[in-house]
Amino acid sequence: MWIKGKAYYEGEIKEICINFDRSIKEIRANCKPDMTFTNEELILPASVDLHVHVRGAQLSYKETVATATSEAVYGGVGVIVDMPNTVPYINTPERIKERLREFQLYSRTDYGIYSGVSKEVEEIDKLPIAGYKIYPEDLEKEETRYVLEKSKKLKILHPEMPFVSKIERSLRRSYWMETAAINLVKGNMHITHITNFETLQLAKSMGFTTDITAHHLVVDGERDCISKVNPPIRDYVTRLKLFLKGLFEVDCIASDHAPHSKEEKRMNFDLCPPGIAGVSFSTPYIYSLMFKGLISIDRAVSLLSGNPSRILNIPTGKIKEGYRANFTVIKRENWRYTTKFSKVTETPMDGFSLDAKVTNVIVEGKLAFDGENVYPIRGVNIFDSSSRS
């Protein structure tokens, strides 16, 4: 298949033709295209979200693989990586295989999964996973030592101390809860959903890769259960500093998409589960900043596609021959954010004014989203080398 249009290619915006099946075969100036995009549209590498809670399995009342990945392509995301804290918890070879089968049947994006920490690390390491997720409570477990010492795969850390769940939320506001946790880990480590600039500086100085979420930049405080999240939304000054400085030093943007049912989010604040569903917000938000002139296109593509692909070591994130044929097409258009395909219908970003609109998404060379509809394509496990042929 050939497509033609303006694209971000080799660090510039150029009018090009791209030939592909599941991977990009050829790029040249002229062709007889099967699909042509307008002058208002821009072809970009599809976004890669390395921190998503898909739910599914026994938590399908919150979200399913189909609804989460449909919401992802609506938001311009071509690869998601799923966290293990569903029910049942994913940290055995058998459960990993079951989880991968669930994705194989229902995912509209390319995908990967993390395992939880486990003493079965040698067997799990043989499976096509993205790596391991380390939660605060894991820092006290013997299984975590096994993972840190025996696996060379990526480890992704939720940077808070183990005892944070036992104290008042307001006391977690101090950034030392994050920095103290970072000092307990080593190796091929990624520090996720950082909420303040000091934590980011420390993580980078230790050679770790990093991400921040869009909601930790734009949401104005924890006003109710809809905006309750872990780690918590910080004060205005902390968020402003993270935006003004952190956005230019962090490696990537991740959504930490964490859906819950409407009934759960209507519980008393002390009882309702933390989590914001934002897998479809990150990409239009970052490209809106680009259209406003606040960040460059190079920086935007790096945050959403290039750097997460590098961190995960997967062949995405660039429009380049041999890379996966995963594209996000956007145009400049003002609109108000809302979820569309997720089971979650309320987020603290609802009504947020955006200037970038996703018009098309192609995953594995197939049209996954056309601006209105999501199509039942099947993504592949991007960490399984046999799926890349």
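Any Cβ shown, glycine's included, is placed from N, Cα and C.
When other Cβ atoms within 10 Å of the Cβ of Asp256 (active site) are tallied across all protein chains shown, the result is 28. Here Swiss-Prot flags Asp256 as active site, drawing on sequence analysis.
Reduced to three states, the DSSP call for Lys133 (Zn(2+) 1 binding site) is strand. Under the heading Zn(2+) 1 binding site, Swiss-Prot lists His51, His53, Lys133, Asp256.
For His53, Val54, Arg55, Asn85, His260, Pro274, Gly275, the entry in Swiss-Prot reads substrate binding site, with the evidence type sequence analysis. Sequence-distant neighbours of Arg55 (substrate binding site) (same chain, six or more apart, CB under 8 Å from its CB) are Lys62, Glu63, Thr64, Ala68, Thr86, Pro259, listed in sequence order.
Neighbour count (other Cβ atoms within 10 Å of the Cβ, all protein chains): 27 for Lys133 (Zn(2+) 1 binding site). What Swiss-Prot records for Lys133, His158, His193 is Zn(2+) 2 binding site.
As annotated by Swiss-Prot, N6-carboxylysine applies to Lys133.
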Quick one: Cα separation, His158 (Zn(2+) 2 binding site) versus Lys133 (Zn(2+) 1 binding site), in Å?
8
Taking the Cα of Lys133 (Zn(2+) 1 binding site) as the centre, which of the recorded positions listed as Asn85, His193, Asp256, Gly275 lie within 10 Å of it?
Asn85
Could you give the Cα-Cα distance between Pro274 (substrate binding site) and His193 (Zn(2+) 2 binding site), in whole Å?
14
DSSP state at His51 (Zn(2+) 1 binding site), helix/strand/coil:
strand
